[in-house]
């Protein structure tokens, strides 16, 4: 046997295949025997486990081991050679096993082949693997007893008296590794996962499956009177407890529904079944409904157990609580609140606190009742004095709603909140603590601004008086912001100064400027465009592309700007944008005949169907009473107000009054007040709107619903 220098493993020249091993008297062959085709995984494991030392073989860095007896060999054609160490007697039952490798006359079934090796964890794991593989490869000639059960937790084989007395099972387990130390998880042998190396499934000594238990208990619960709906809603782990304590609980007066509610905390079933007589004796007024409400909570069993020793003391002086009050504290405050209430009952009711039993119950009857009671006991005298000046009712309210943390925040920050710049009264500080707790108090302390939220209510009928406030900035605010940017000496610093001057945030100021046609880049740079450009941008948002050839006078002259605006809105380019196709000159028969056919009513007297573009418009906007306005009154509306209200002319009206509109080949979608429409003489100037026009403008401008502002504020913005 020689030791390889590269790999560090022992290279054995002696195989454990006993029919191929030479007698020990022959000179040792140092050449490695090639693996035979008949060698399986068993022979490979035998070679790995044969780590003994041959005689007179020195070992580097260690003392020479004791001479180990060689492995005896029994050739098929020669009698077995004598061994140096006497062999142990063979078991009597070995002839029952017939295998070509482990025959009755072979010495391969020796019980202890590695008696001289120390029982290390690694060798023990390998021995277990060898033993399991040997069990899988043996072919018994007679039926063997059942496979010994295996411990499910450790994987160790459990032998009873019958299996220990069996010579076959006893010979399969090496005695040298009967009780070795357990191998670490990293050193355990890995089980092969291939299909050809299938391992026998172990038999575990465990309880039946949970589904089997559920089916068995289901039948018991049905026999006890529970409905299938009740059983379906129960937890799986509570079924056996219900079946166990059902008789006791029903004998105490609890119904099936009460037991199902108690089972939400399955530990409470046992507590109620055992301690109900004591609870009834300590609190005679405590009803079963109170017990059910307490027991079904998250830690209801603990609350009931904590209530037993202190129930009598809580009903006595100084608190003199009723059974319902005690049940409320136990249900919501649970065991910590009950224990704190019992411990502090005298301190809370005596001087200097003088709390009433109702106040004590209110503080303790919520999650976190114990720390709230302790905080009130410690901080109430301090919060009553200067500079806090809080009343007892305010402190109790804060403790009931927000708890201990809010009281600590008030004690830490209220002196600062009472001073400038906050200057808050004690009532406001108490209200803030009740609403938001500690977080709200700390936010106000850090300077959280309080913003007024204006809610806009849209009324169905117009009400005489000032116009309602719009959702967003007022016209005065818009004018002030624009004037601030125009009057600023350093445009690049204007945006930063505006944030501080108007006390607003960056997104809010950007939204405000965007509502009047200023982009974000322009706002950050402080370059506010003139009114004409901003108006063109607002028209673009509404879907109207400005004409390219429109003249734009100086914004200093408001009258000139209004005239330019009229020319822009009444230009043929603006009118052509709303039409489906540009106007083309066609013969009279091709331009009028199709329209006359569509305007002609059918034989049944039904009105003709509307135009396709009007159908699309009617799908976007509901028809109102103003859609039946006369054509002449609609023509008198200024173009700068009613551009885009394309439902002012109906097919019926156009049939009744054919005129120059039809010859001009126009449609309701392309109505514009330019060269295509001839106004009747005597009508007012389109540039001077009347009061009725202004009212209609406030009601339905641009076909997008009522707006919240008038024309006056728009003129103020244009002047800025």
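Each residue, glycine too, has its Cβ placed from N, Cα and C.
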Among ranges 451-454, 455-458, 459-462, 463-466, whichever one Swiss-Prot labels motif 'Nuclear localization signal 2'
455-458
Of 620-623, 624-627, 628-631, which range does Swiss-Prot call motif 'Nuclear localization signal 4'?
620-623
Tally of helix, strand and coil residues over the repeat 'Core repeat 1' (355-389) according to DSSP?
24 helix, 0 strand, 11 coil
